[in-house]
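A short worksheet on the structure shown next.
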Amino acid sequence: MDHFQLKNGVLHAEDVPLSAIAEAVGTPVYVYSRATLVRHARVFREGLSALDRPHLAFAVKANPNLAVLSVLQKEGYGADVVSGGELTRALAAGMAPADVVFSGVGKTHAELVQGLESGIGQFNIESEEEGYELAAIARRLGKTAACALRVNPDVDARTHEKISTGKRENKFGVPLDRAGAIYAALAAEDGLDMRGVAVHIGSQLGDLEPLESAFTKLGALIGELRAAGLTVTHADLGGGLGVPYKPGDIMPSPADYGAMVARVTKGWDVRLTFEPGRVIAGNAGILLTRVIRSKRSGNGPPFVIVDAAMNDLARPAMYGAWHDIEAVAPSGNRMTSHVVGPICETGDTFATDREIDALAAGDLAVFRTAGAYGATMASSYNSRGFVPEVLVDGDRFAVVADRIPADAIMDAERVPDWL
Ligand code: LLP
């Protein structure tokens, strides 16, 4: 359930008509609903109510906006970060360092130092090499790094190949058959406190079975590690739960997911961490856009050209992803059209031959389910600026990220005087 609904014929974010936001802030603009973020955060937590003190770490990559992180911090969420920049944001949003997990296959030396100096709760180590480097830094700084070893369970997540992370051939984690030896080697290093294991097999998972299979393998590994005399007190089950993008999409609910987790992890005797991203933020945001003009196309459906483009919302161009398109003030008429942005490549297409609300030049429309992996994946391609972000709370709203115009980006560039 989200709080983007029609009221008196106009699409609202909570109690604010989207037309009011377009008028005040301009388009394109990302709009987030605080009530929806809170609702999703609570539904996810309730799904895990059978577990003892689960640690919830929002995957910052899904939506790193400071105001969004702050909403989730107030809901008791920590953060899963994958860069120094994300770590800085999580701390700036008030998340306790102890509630931060640092994932990622390519943490730099500087990022490992930053994590240690910030006192983060856990590093998810993705290779033996990273473990040794972290141990050396920790010894030099006189600190101990709490760590989980991320394993690659070689499970097919049955999602888009670009967001699948748990197959043997993917770059993530250490192979399951080497995990015991690597864990033992790293546990012997001064400077590391090897306390657990981690797994994340992919994103937008519509099926619990691959997750169950990965978690089952992780449980067996915990048993093996303990049998070898190693200590395991924590397990991180990653993120990945899918969300509906289209009407009729059926996704496992957080309650179904929680029931599966409770069943599979029974008897593990560890503290569990979860790293949900999309399931919290995806349907808590939309991208609001205005139609520039419609263009006839031979005998085919017209092109509806909107002012948002693939640089603002990359998912359709990058993954062939579907985002529902709706008029802000639907007339009741429908049309079949191609919906495209102004960028000079054919990949800048949001919908092909899609039946949508009738839209004409000047009309406002939204792309739904844009709260996760939306604004954060933007670029300035075609010298377009960065789109602003707005957070709605009841009948009020605030700009929580300014529009960065193209000329501000150009201001950071220099022509050397020897040219
Ligand atoms: N934990 C780790 C280690 C991850 O790599 C990810 C996502 C998550 C948690 C959060 O997964 P979620 O709950 O959001 O599925 N840009 C792509 C998605 C990439 C996901 C990468 N990792 C998209 O737009 O679909």
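Including glycine, each Cβ sits where the backbone N, Cα and C put it.
All TrEMBL annotations are machine predictions without curation.
Features as listed in TrEMBL:
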ACT_SITE  Cys344  active site, proton donor
BINDING   Gly240, Glu275, Pro276, Gly277, Arg278, Tyr373  pyridoxal 5'-phosphate binding site
BINDING   Arg278, Arg315, Tyr319, Glu345, Tyr373  substrate binding site
DOMAIN    30-371  domain 'Orn/DAP/Arg decarboxylase 2 C-terminal'
DOMAIN    41-281  domain 'Orn/DAP/Arg decarboxylase 2 N-terminal'
MOD_RES   Lys61  N6-(pyridoxal phosphate)lysine
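Overlay of TrEMBL annotations on the structure.
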{"residue": "Lys61", "record": "N6-(pyridoxal phosphate)lysine", "Cβ neighbours (10 Å)": "22"}
{"residue": "Glu275", "record": "pyridoxal 5'-phosphate binding site", "Cβ neighbours (10 Å)": "27"}
{"residue": "Pro276", "record": "pyridoxal 5'-phosphate binding site", "Cβ neighbours (10 Å)": "29"}
{"residue": "Gly277", "record": "pyridoxal 5'-phosphate binding site", "Cβ neighbours (10 Å)": "22"}
{"residue": "Arg278", "record": "pyridoxal 5'-phosphate binding site", "Cβ neighbours (10 Å)": "25"}
{"residue": "Arg315", "record": "substrate binding site", "Cβ neighbours (10 Å)": "21"}
{"residue": "Tyr319", "record": "substrate binding site", "Cβ neighbours (10 Å)": "15"}
{"residue": "Cys344", "record": "active site, proton donor", "Cβ neighbours (10 Å)": "9"}
{"residue": "Glu345", "record": "substrate binding site", "Cβ neighbours (10 Å)": "12"}
{"residue": "Tyr373", "record": "pyridoxal 5'-phosphate binding site", "Cβ neighbours (10 Å)": "25"}
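Across the fold, the C-alpha of Tyr319 (substrate binding site) and the C-alpha of Gly240 (pyridoxal 5'-phosphate binding site) stand 16 Å from each other. Counting in whole angstrom, Lys61 (N6-(pyridoxal phosphate)lysine) lies 7 from Tyr373 (pyridoxal 5'-phosphate binding site) by their C-alpha atoms. When the recorded positions Arg315, Cys344, Glu345 are ranked by how far their Cα is from the Cα of Gly240 (pyridoxal 5'-phosphate binding site), Arg315 comes first. When Cα-Cα distances from Arg315 (substrate binding site) are compared across the recorded positions Pro276, Cys344, Tyr373, the shortest belongs to Tyr373. A coil conformation is recorded for Tyr373 (pyridoxal 5'-phosphate binding site) in the three-state DSSP classification, outside any helix or strand. Among the recorded positions Pro276, Arg315, Cys344, Glu345, residues whose Cβ is positioned under 6 Å from ligand 1 are identified as Pro276, Arg315.
Site extent for substrate: among the recorded binding residues Arg278, Arg315, Tyr319, Glu345, Tyr373, the largest C-alpha separation is 28 Å. Neighbour count (other Cβ atoms within 10 Å of the Cβ, all protein chains): 30 for Gly240 (pyridoxal 5'-phosphate binding site). DSSP assigns the residue listed as 'N6-(pyridoxal phosphate)lysine' to a helix in the three-state reduction. Sequence-ordered, the extra residues of this chain that approach the pyridoxal 5'-phosphate site, with Cβ no more than 8 Å from the Cβ center of Gly240, Glu275, Pro276, Gly277, Arg278, Tyr373, are Ala59, Lys61, Ala62, Ser203, Gly239, Leu241, Val279, Ile280, Ala281, Ala372.
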